[in-house]
Amino acid sequence: MAGFSDHWTFAFGVLGNIISFFVFLSPLPTFYNIYKKKSTEGYQSIPYVVALFSAMLWIYYAFLKTNTTLLVTINTFGCFIETLYVGFYLFYAPKKARVQTIKLLLLLVVGGFGAIVLVTQFLFKGAIRAQIVGWICLVFSLCVFVAPLCIVRQVIKTKSVEYMPFLLSVFLTLSAVMWFFYGLLLKDFNIAIPNVLGFIFGILQMILYVMYNKKEEVVIKEQNLPELKDHVIILEDDKKKLPELSEEQIINIMKLGSLVYSEKNYGNLNEVAKNDKVVSKLQTVEA
């Protein structure tokens, strides 16, 4: 039975590694957009810095435990790719965002991780040390899953899913399921518990994406419709179609016609007046 459980643990661990690999790669479209825009406007560095810090913590925790090789493999890759993301963000970020990101890196990665290693190495020993580090990993794993909430808030505020990659939400949800069962079968609740929250937030992000992506499509369709400033009247005869005339053009034509008509009538009135004068002269001569 124990051997059967070990096989399932290994299977979920391998699946967790595969899916987490795609989780770490899923922000690539985001950084491609940053590259095209040459700007990080609308994007946050917090999720990537927190993910980097979390991956470093899990590697440290894995070295304090046994049978956690699969934790080491995926989080080593995570450290590498998140470092690239943060570096890429710093390269294109404006000065203010760059300074904030560097401060966060110094606070978490240098100060935070360094302090955790020093304190746990000198103040705790054996299983207690692993337990303390496990609790810290649990807390910061929750932070990793909560970090995308700033993107969720932006989606709700702007009613746009431009800054929330859908692939990331999908892979985070699947990854949370795999790592939950891995931790459960390994009887390591520091691994299992955070992934319950990860599953919930992943589902929430996908629901928001479906909701606001549909609204975005409706808005785009409305914007693509031609704006009809004037009503267009189409005149046709039996043999051929006449050119389309707008209401404004028809009004101008009517004004021009009335003007010509008035001038013509004015000319006729002059002729009538002249004729009247001639008739009156003739009548005077006859008299």
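Quick reminder: no glycine exception, Cβ is built from N, Cα and C everywhere.
Listed in TrEMBL:
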TRANSMEM  12-34  transmembrane segment
TRANSMEM  46-64  transmembrane segment
TRANSMEM  70-92  transmembrane segment
TRANSMEM  104-124  transmembrane segment
TRANSMEM  130-151  transmembrane segment
TRANSMEM  163-185  transmembrane segment
TRANSMEM  191-212  transmembrane segment
Against the transmembrane segment (12-34), which of these stretches has the most C-beta pairs under 8 Å: 46-64, 70-92, 104-124, 191-212?
70-92
Which residues, given as numbers and ranges, are at least 6 beyond the ends of the transmembrane segment (70-92) yet have a Cβ under 8 Å from it?
10, 13-14, 16-17, 20-21, 24-25, 27, 31, 34-35, 38-40, 43, 45, 48-49, 51-52, 55-56, 58-59, 61-63, 98, 101-102, 105, 182, 191
Same-chain residue ranges lying at least 6 outside the transmembrane segment (130-151) that approach it to Cβ under 8 Å:
44, 46-47, 50-51, 53-54, 57-58, 60-61, 64-65, 116, 120, 124, 163-164, 168-169, 172, 176, 188, 190, 193-195, 197-198, 201, 205
